[in-house]
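A short worksheet on the structure shown next.
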Amino acid sequence: MREAFIARLPDRLAILRTLLEDIERGRHESLEGLHRAVHSLVGSAGIHQLMPVSEAARNLERVVAAMPADEVLDEQGLHAMRKALANLEAQAVNPGHGFVPQIPRRRTEIPRIAVVDDDEEQTGWLRSMLERAGYRVDVFHELAAFAAADLTTEPPSAVIMDSVFLEGDNAGAQVIAKLKKQSLNGFPVIGISMRRDMASKLAAYRAGASCFLTKPVDSDALLRVVADSAALMPMEPFRVLLVDDDADQRAAYGLVLRQAGMTVLDGGDPLKVLEMLEDFAAEVLVLDRVMPECSGPELAAILRDDERYAQVPIVYLSMETRASRQFSALNCSGDHFLTKPVEPHPLVAAVALHARRFRQTREQTESLRATLYERERQQQALDAHAIVSATDVAGTLIYVNDRFCEISGYSRNELVGQNHRIVKSSEHLPEFYLDMWNTIACGNIWRGEVCNRRKDGRLYWVETSIVPFLDNTGRPYQYVSIRTDISLIKKAELRLRLLERAVEASASSISMVDVNKPGMPLIYVNPAFERITGYSRDEAIGRNPRFLQGKETDQPGVDEIRAVLQEGRAGGALLHNYRKNGTPYWNDLRIAPVHDEQGRLSHFIGIADDVTERRDAGDALLKSEERLRRSQHYANIGTWDWNIQTGKVICSERIGSLFGYPEDKREISFKYFLNGIHPDDRQKVINAVDACVQQGAEYNIEHRCVWPDGTVRWLLERGDVVRAGDGTPLNMLGVVQDITHRKFAELKILEKQARLVIFNHIIENVADAVITIDSVGTISSFNPAAEKLFGYSAAEIINRNVNLLMPEPYRSKHGRYIDLHNAGQPSGIIGKQLELPGQHKDGTVFSLELAVTLMEIDDSKHFVGILRDISERKQYEQEIIAARDEAESANNAKSEFLSNMSHELRTPMNAILGFGQLLEIEAGLNDDQADYVDEILKAGHHLLELINEVLDLARIESGNINLSLEPLSCAELIGECLTLIKPIAQVRGITINDAAIGDYVIRADRTRLKQVLINLLSNAIKYNRPQGEVLVRVAVQDGFVRLEVSDTGYGIPATRRQELFQPFSRLGVEDTDIEGTGIGLTISRRLMKMMGGTIGMDSEEGRGCTFWIELPQVAAEPDIRSNNVEQVTTFEAASGGECRYTVLYIEDNPANLRLIAQILGRNPQVQLITAHTPELGLELASAHYPELILLDINLPGMNGYQVLSVLRSLDAVKKTPVIAISANATPRDIEQGMAAGFDEYITKPVDVMRFLAVVNRLLSDGTER
């Protein structure tokens, strides 16, 4: 930084030369600028230790300052300035030579203190004290050792030296002077000595000591002196605010202070100092005295107006050397004045000195504030706890606290200014107060207990300490009294004295043992102890109470006392002890523990009574009470005694079990007694008690009580009141007895009576006749319904035999039933419902329904009969039976009709369809003939379908249909149906889409479900649009499998959907060419219901329909049985066309005979023989031994079943297969035929292809046989 200043020095001199030239040209205003520039240079050169330059600049400044400010300069003045400037320029040619003083730096190592003293004890104390304060200490006990030490390599921060050594009284001062002459003046020396004379102190200071302390040395004072003398920087750096408008000087001074370890904030604008101090708590302000905007003293005056900165020390820096100006600046709130240029050491020392003093002052102020706060809090604590007052020497109160006012009852205004005698009581003698005043008047503290009087006259006790305050002559000028209220303690002491007197006067033996002494000896016994035991106090004290025990002292009582003592608790026992004279007595002993202030067990107190007489009386009383207790127990009786004055109820032992109290609940309150009474009876009991107590009424009441477990019991209470002489009720005595069983019996009787009333009311009003008889049949009761039924009044019939009400032969049988029952044998009528005739008074016989029960009352048997006239019901039953017979007959007729209709309709259909099929397979028909045959077959099949559906519907409605429900595979079933229906769809140009994904298992009848599904598919094809589509889907929802058949037809109008499942309703397509019967959906719906499923439809008019069926899904795999398609077996023609088989056909219808002849006549291997009667057929069978027999069922004379039976009896044909060919086509007909023994059952009209297949199969089987 010094080099930078030297480098800029020529530029600053050039500025001075320019300003002087301007002055020479007559610009007089440049004179002020020249003066400021030179003034700045003086300080800047000085701070950088360029002293020749600084002195030359100061000489130029004095010349410029002497020039007139408002006059034209003459040549002499200009010459003087030129000469002074030339001298300055000459000094600035080589300004950097010469000595440069070292800038003081903050010590970074621990400060080192040298202690020189020949007193080893003194040096040991100094070492310990200084090391605790954080210093390093070197101790020298001899001056020679100190003088020989190397003090230049590491000079000490300070030297503490005694003045007196063996070498002489001022030997220490002489060593100090010698060191100073050797230029070792870089460290301060602190002199210490036992001598207090002026000569010793003056010698030390003249030798160069910076401070002198007298032994014994105060440690705090020494530490402060060491810190000040050594100019040590504290651990927390001093905070300095440096303000100077010259940037060079501000930077230089700031560098010096920072290198000394201080925290420096510098600024060049004095107007911003207040703003800087807001964020920087300065401990020293270093101000330039002369600044353009605001001078240092002006700024100091402003800062002193703010109490925050009023005590912050201010150090002025200035070029001013005149003492008057310096004092003037110091008077303007300054603390130190340094003349520029300021060397580093003086600057650091001055700033550190004032910063340290400021910090110490601040710490002392804070300490004083803390001490003041502590004293205030101590005063508050004292005032809160104690009664405090102060008087002058005459005893006049000059101060009282709130506690004094509270306890005395006076206000502060009433007390201050009055003599302390205002609270004086008459409890103390005059000598008491004279002793008090004599003590405090001599300056001594008086302590004692004083009884004072409150304003209201009440007395209070205080424990008092009176402290006299003495002046410098030792005489009191004020008395301060501190008191504690001990009124409660005094009262306790009084109570204790009274208690001691009571214990001494007590009739009970009272003793005390010390648990902390070996053997737990007695330490006190009262006179009653002496009287009861016969031992004197001296004989008992120091002994354990066990000396009162003897051989008959009961061990359980001793064990209990021992447990009480070991556990440190209260307790007691009844002991059989012995007096001093050896006589036994019963001692009722109670023991209680005593604890000290810390809660530790210290003593036991024993209180004992001689209860020998009471024990003997108690034994007698116990025996009496035991007798009473047992008698009350046996009688279930308890007693109670209610003290009306106290509300206590004393109960006998039995009361607890009567009221449900705990066993030990022998003493209760009247309220507790009332709480145990049933809430519904409580007020009744209260009223009865009040009437007995207040009016003397008899207390006799039955009420319920509720036990804690909820049990309800009935009690009977009787009682009376014991009164005083003036009639005041004192006690109420009562007896309680449990009457629960009696009450329950009474309640049962009442319940029975109530039920009897109800029963009689029912009997009198019931619609059925009720009659009771005894064991011989005599009527004992006869209700109004019986009177109405039989025509007898009760008076007429009671006590007469019940046979009177029966006609013969039942009259004589009835007596036998009673005799059997009385004999213990089953009579057949008890507990059963019978129908029999009854006889009215007028002799009319009518139907009855009878139920008889047995009752046993008081070992006698009674029979109760409940009778009802069932004449109308019997008539109705007869009508129902007749209607049922008629219905069965009609149903049989219907079945017969259906069977006949089936036969009669199928017989001609057999010829029509049979010959039609023959024509169809006949070769040589032209196209028209083929069309005619086709139309015949179509019409015939349609008519056959109609016949089958009508018959099917009839069977379903009559219930004559059997279903075989089995697990079925949906996929297989749908496949079979689609195989059958697809050819029909192809003819009509309809596309069938199978979208049934997944194979689900359902339970249904295979045949009937196929019938339903084919019906839905057939309808979807018939009622579809040309080139339409049919969609089949399967879905599962909520355990049901849904099969859906959707078409793209015309849909069904919403107005006609209710007709959908009605028989023979075709919903308006009757006039179209679409064939149908209108009953297919009706049959499907009923079949689905029978199989446990449902059928439904969704339709949108114009867009088709979706018919669906739902059946429950089953988990089991279906037993899928493959349906073997029967193949028609054709026989190969035998060579030569020989006939191989004989077939017999028994049929009474010629058309049917011709049809079968035409069918079989095409096969040359088969010879057909026919018979139109059963008899002829049997003859032909026996004669021709046919390989196959065809048999009609409905034949004249003998039906087919009878003919079959005869055939099976003929040896010639008993094993020949027989085919039934019949128009009876119901499933029941087919089942009946197969069960009868037919090998096959073919229905008319005959399906030619199936017929041929069956015939060929049976003939082939016969060949193999």
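Residue numbers in this text run from 1 along the chain shown.
Here the Cβ of each residue, glycine as well, is placed from N, Cα and C on the backbone.
What TrEMBL lists as domain 'HPt' is 1-95.
Just so you know, the Cβ of HIS39 (phosphohistidine) picks up 20 other Cβ atoms within 10 Å once every protein chain is counted. In this structure, HIS39 (phosphohistidine) is part of a helix by DSSP. According to TrEMBL, the phosphohistidine annotation covers HIS39.
Residues annotated as domain 'Response regulatory' in TrEMBL: 112-230 (among others).
Within the same chain, residues at least six positions away from ASP162 (4-aspartylphosphate) with a Cβ under 8 Å of its Cβ are VAL116, ASP117, ASP118, ASP119, GLN122, GLY172, GLY191, ILE192, SER193. The feature 4-aspartylphosphate is assigned by TrEMBL to ASP162 (among others).
Positions annotated as domain 'Response regulatory' by TrEMBL: 239-355 (among others).
The 4-aspartylphosphate annotation in TrEMBL covers ASP288 (among others). Classification of ASP288 (4-aspartylphosphate) by DSSP places it within a strand. Neighbour count (other Cβ atoms within 10 Å of the Cβ, all protein chains): 24 for ASP288 (4-aspartylphosphate).
Look at TrEMBL and you will find 374-419 (among others) tagged as domain 'PAS'. Summed and averaged per residue, pLDDT over the domain 'PAS' (374-419) gives 89.
Look at TrEMBL and you will find 446-498 (among others) tagged as domain 'PAC'.
The domain 'PAS' annotation in TrEMBL covers 495-544 (among others).
What TrEMBL lists as domain 'PAC' is 569-623 (among others).
Per DSSP, the domain 'PAC' (699-751) is made up of 12 helix, 30 strand, 11 coil. Per TrEMBL, domain 'PAC' is recorded for 699-751 (among others).
Look at TrEMBL and you will find 755-808 (among others) tagged as domain 'PAS'.
Annotation source TrEMBL lists domain 'PAC' at 832-882 (among others).
The feature domain 'Histidine kinase' is assigned by TrEMBL to 900-1115.
Sequence annotations record features per position, and here TrEMBL assigns domain 'Response regulatory' to 1142-1259 (among others).
The Cβ neighbour count for ASP1192 (4-aspartylphosphate), using a 10 Å radius and every protein chain shown, is 26. Residues annotated as 4-aspartylphosphate in TrEMBL: ASP1192 (among others).
For the pair formed by HIS39 (phosphohistidine) and ASP1192 (4-aspartylphosphate), distance between Cα atoms is given as 163 Å, rounded to the nearest Å. According to DSSP, the secondary structure content of the domain 'Response regulatory' (112-230) in residues is 51 helix, 26 strand, 42 coil. Sequence-distant residue pairs (6 or more apart) of the domain 'PAC' (832-882) and the domain 'PAS' (755-808) include at least 3 whose Cβ atoms are under 8 Å, placing the two stretches in contact.
With pairs at least 6 apart in sequence, the domain 'Response regulatory' (239-355) and the domain 'HPt' (1-95) have 3 or more Cβ pairs within the 8 Å limit; the two touch. Under the DSSP three-state reduction, ASP1192 (4-aspartylphosphate) is assigned to strand.
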